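Remarks on the structure that follows.
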Amino acid sequence: MNLEKINNYPPAIKDLSLTELKDLAEELRERIVATTSVNGGHLASSLGVVELTIALHRVLDTPTDKIVWDVGHQAYAHKLLTGRLDRFSTLRRLDGISGFPKRSESPYDAFGVGHSSTSISAALGMAAARDARGGREKVVAIIGDGSLTSGLAFEGLNQAGDLKKDMVVILNDNEMSISPNVGALASFLSRKMTSDLFVRMKKDAKSILSGMPHFGKDLLNLARRAEDSLKGFFTPGMLFEAFGFDYVGPVDGHQLEDLMETLENVSRLKGPVLLHVLTKKGKGYAPAEENPALFHGIGPFDRQTGQVKSSAGGPPSYTEVFGASLIALAEADPRVVAITAAMPEGTGLIEFSKRFPERFFDVGIAEQHAVTFAAGLAANGLRPTVALYSTFLQRAYDNVLHDVCLQNLPVTFALDRGGLVGADGPTHHGVFDLSFLRHIPNLAVMAPRDEIELRRAIRTSLVAEGPFAYRYPRGAALGLPIPEVIEPLEIGRGEKLREGTDGTFLALGVGVAAALEAAERLQEEGLSLAVVDARFVKPLDSELILAEARATGLLLTVEENALQGGFGSAVLELLADQGASPRVLRFGVPDRFVEQGTQDELRQRIGIDAASLVAQVREHFAQGASAQNSRITLATGV
Ligand SMILES: Cc1ncc(C[n+]2csc(CCOP(=O)(O)OP(=O)(O)O)c2C)c(N)n1
Ligand SMILES: CC(=O)[C@@H](O)[C@H](O)COP(=O)(O)O
Ligand SMILES: [Mg+2]
């Protein structure tokens, strides 16, 4: 098998014949489909770049030459061609190989990634470093048409055109982001538009020229010769050439021979070059070709039928609850509008977009713009909800602070995938939001414990006078019956859920269920723990927290967020400011990046699931007097 040969020695790809390379493409597709059907993963994007990946490794001298993937969700073939065949079955699993390129995993992974639109900037930095130290390696960035919609990509293009470093940017154009691409750039890149325009122009020119009596024929021949440059002028080449790039393409991204030849030529050119490659998302696996959005990032599926192995009939996901609830509230209030940054499916806004097309905005992969755009909407009378994955809001910190909160505008941040997300790993865990939001003045920040509280949070956010953020986890809600009337929350007010005398769990979000279960189990061991859902990280329910500090003298904070600067930190600040001195144990995400795994595995590993809480609290009480020597304990997990 060609793949096995290459696995033992990646440069062996240079010795394969064209037929063997084509067979290799089949082997790669087979392996990618087989593994993702079991593990889940980013199937459609990876299938789309199989030939491109082969061509890159065939033409370049990796790992000396640098391949910089954008987002990195399409890099499965790259992994298989660079010594990770044996471990590929562990893709996205606990202690397995990552779903994204990762420098610590392989020297072939030139740059770690997971968030989009970083490739051009990173590749340019590498090219500048190469020149500074007199190196000779080639640098190639591969960016998708969706990722190109981000401002960051254009910042990279802008500087690259100015620095004129030798580098290649490959635009992998499949006309899709996760969903079909949006925005003016998408229409500009559109194959239909460019080809229609070109054909029409050619036709018009031909009939005008051939109608001229004397020199019409000569002109027609001249025009034919000029066809290539004319085509370049009226295709996306125009855009990239304005940025100082040489534009080559479009090239069929599934024709291996042409692709290798073009890449060979392009990699010898001086200065920045943009190679435009046309690919098909999901190529080679019919269900993914037919439904690339579903197979963008998919859970385990039956590879014969393409049917997703879902837990149908279970409770709705938090994402679905959010989407349905926002629709209900939008029906009653015409000022309610929703914004997504290229993730209408992921954030549960597809139904909203159909129901209220005029009140729904997909801004592309442009989180910073999404937030400032929302600020503009709010400044002019609307009630925008910006629905983003928590991890992607990290991009827009200043926009939240400067454009929304400083002006106290009523913008809502609906932060999906708050906490540990699972298989996507450290690039995607939403475990920093409570820390990076809670110090911003005017912003209320809360984490609902279940779907009823999420509905209440949504309702509250739309009547709040200023900005409001709520974050909720990836995955299924608890399946609670939804009351007919959803009451808004009192901002800054927690709720005591369980009485106890030996200590108090102060929890929020998914931590509440874990604390309740732990308290229940500890009761059986003779320990009486109260449980409070703090709800808000800001404003804190200081009254309730101080009362518990006085009543039980032991506070156990539980959060699925970084311990640094998170909820537990906020409690400590409150206690210090008030001169209160209960014993405090903090449970949360330790000061390191958490790897991939299922959410349950990760919670267990860092010690915030119910069983781990029980064990740690039991140990605390067992230690008795010696533990009293230190007043604050960090529960850091293993
Ligand atoms: C900053 C950021 N926002 C959103 C995402 C989620 N996301 C991952 S891939 C993707 C679509 C990328 O489209 P494209 O670059 O065209 O790649 P394709 O999947 O089409 O190959 C999106 C929106 C992300 N990874 N990073
Ligand atoms: C690569 C990327 O950023 C997205 O595709 C992300 O992996 C989606 O995550 P969910 O599966 O949680 O929607
Ligand atoms: Mg794309």
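Positions of Cβ are set from backbone N, Cα and C atoms, glycine also.
Site annotation for thiamine diphosphate in TrEMBL covers H73, G114, H115, S116, G146, S147, N174, Y285, and the matching candidate from E4, E351, E358, E367 is E367. When Cβ neighbours within 10 Å are tallied across all protein chains shown, the highest count among the binding-site residues D145, E367 belongs to E367. Set side by side, the binding-site residues H73, H115 differ in how many other CB atoms lie within 10 angstroms of their CB, and the most is found at H73.
Listed in sequence order, the binding-site residues among H115, D145, G146, N174, E367 whose CB lies under 6 angstroms from an atom of ligand 3 come out as D145, G146, N174.
Confidence annotation: the domain 'Transketolase-like pyrimidine-binding' (316-480) carries a mean pLDDT of 98 in the model.
Straight-line distance linking the Cα atoms of H73 (thiamine diphosphate binding site) and D145 (Mg(2+) binding site), rounded to a whole number, equals 14 Å.
In the three-state DSSP scheme, D145 (Mg(2+) binding site) falls into the coil class. When the binding-site residues G146, N174 are compared by the number of other C-beta atoms lying within 10 angstroms of their own C-beta, N174 comes out lowest.
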